[in-house]
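Notes follow once the structure below has been shown.
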Amino acid sequence: MATINDNYLKLKAGYLFPEIARRVNAFAEANPDAKIIRLGIGDVTEPLPAACRSAMIQAVEEMGDRSSFKGYGPEQGYAWLREKIATQDFQARGADVDAAEIFISDGSKCDTGNILDIFGDNNIIAVTDPVYPVYVDTNVMAGHTGAANEKGEFEGLVYLPVTAENNFTAEIPSQKVDLIYLCFPNNPTGATATKEHLQAWVDYAKAHNSIIFFDAAYESYITDPSLPHSIYEIEGAREVAIEFRSFSKNAGFTGTRCALTVVPKTLKAKAADGSDVELWKLWNRRQSTKFNGVSYIVQRGAEAVYSEAGQAQVKALVSFYLDNAKIIREKLTAAGLSVYGGVNAPYVWVKTPNGLSSWDFFDQLLQTVNVVGTPGSGFGAAGEGYFRVSAFNSRENVEEAMKRITEKFKL
């Protein structure tokens, strides 16, 4: 009989968001008249920018003409998109990133998991707690951990608590770690990192020959000019960091699928024989073997983000969600709840009232006011007693949800 990858059996019963969906669906079936407002999973609600739609429509027409039809594209992405990303997203901010170091993909979630393909099994891996569950679960699947304890922490991972006491920014570990996951603006807490904070991480990584996985999926929500958008704005980062970005949350591509990963050609790691190997070459080989590239139509849509009209439309879209976050933050604060994030980030991190556990608060919100959020404990043990509220919804729904919550849970 064929055998399985037993590492999957170590995973907790359900990935966080499917478990939320299961509970919501069960409630909806039992209460078909309930008007449920979903502020849980970070999926966008507003239409694609007009510039992106127009570019994609034009690309579809091109695919209908033999002279302009496109078949397989380059696995790394089309040069015209990579050049615009390098110029406008990185070089314009003083970050030294070349177009050849950018790999276009169908999602940063995929890339943060797939990147493990090019790393060995004996690395010491550090994650923040709470953390985006994909970072942990993909390492479990890859066999990089032992079993989970009663708190859900996996043996073999180094957990770096982020709490109100440290402003939800992890402290540099006292021990040596090899791979470090950082996400700023942070999912789920909405925390941001200063240049000084990221410089400390880069210095640590250089001193210990570590690699930082920097998830910048929400960088477009940064409005404070003093905050870095890319880790490559930090001196020395090209020697220690891989950055992941996405078009999902700035241009609404959650259903369209386009993202990018930056692997500097100066970034190296050790082979078993002790030699230094360029990670760019390994990632390029991995993508060329396992990935056929993002569709031409979608990449033309992503390219339109960098047009004058596209930039204005994306800015308006991000501002819309930031205004939602401001409403959530202000209303919940006025109700007496302890609230974090929601500034320079689309997520608001809320302390649950009256000592409720994260899942108990989830159930109460769902059952009493028909509002869905995300239990903090689903992001890790240190998230227990917290709750994530997403700004990704219509203005009408956000205002109605806040009205319901504040009337029910005002302290």
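Numbers run from 1 along the shown chain.
Glycine is no exception: its Cβ is also placed from the backbone N, Cα and C atoms.
From a predicted model like this one, the values you see are computed outputs, not experimental measurements.
Residue density at N187 (substrate binding site): 27 other Cβ atoms are found within 10 A of its Cβ, drawing on all protein chains shown. The substrate binding site annotation in Swiss-Prot covers Y15, G42, K109, Y132, N187, N292, R388 and rests on sequence analysis.
The pyridoxal 5'-phosphate binding site feature in Swiss-Prot is assigned to Y72, S108, K109, Y132, N187, Y218, S246, F247, S248, R257, N292. Within the same chain, residues at least 6 positions away in sequence whose Cβ sits under 8 Å from that of N292 (substrate binding site) are Y72, E75.
Per Swiss-Prot, the feature N6-(pyridoxal phosphate)lysine maps to K249; the stated evidence is sequence analysis. The Cβ of K249 (N6-(pyridoxal phosphate)lysine) lies under 8 Å from the Cβ of G42, V44, A217, Y218, S220, Y221, Y321, P346, F392, each on the same chain and at least six residues away in sequence.
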Residue with minimal Cβ packing [other Cβ atoms within 10 Å] among the binding-site residues K109, R388: K109
S246 (pyridoxal 5'-phosphate binding site) versus Y132 (substrate binding site) - Cα distance in angstrom: 15
Mind checking which of S246, S248 has the fewest other CB atoms within 10 A of its CB? They're the binding-site residues. S248
Can you grab the distance from S248 (pyridoxal 5'-phosphate binding site) over to R388 (substrate binding site)? Cα atoms, rounded to a whole Å. 19
Y72 (pyridoxal 5'-phosphate binding site) has how many other Cβ neighbours within 10 Å of its own Cβ? 8
In angstrom units, rounded to an integer, how far apart are the Cα atoms of S246 (pyridoxal 5'-phosphate binding site) and K109 (substrate binding site)? 9
One finds that other Cβ atoms within 10 Å of the Cβ of Y132 (substrate binding site) number exactly 22
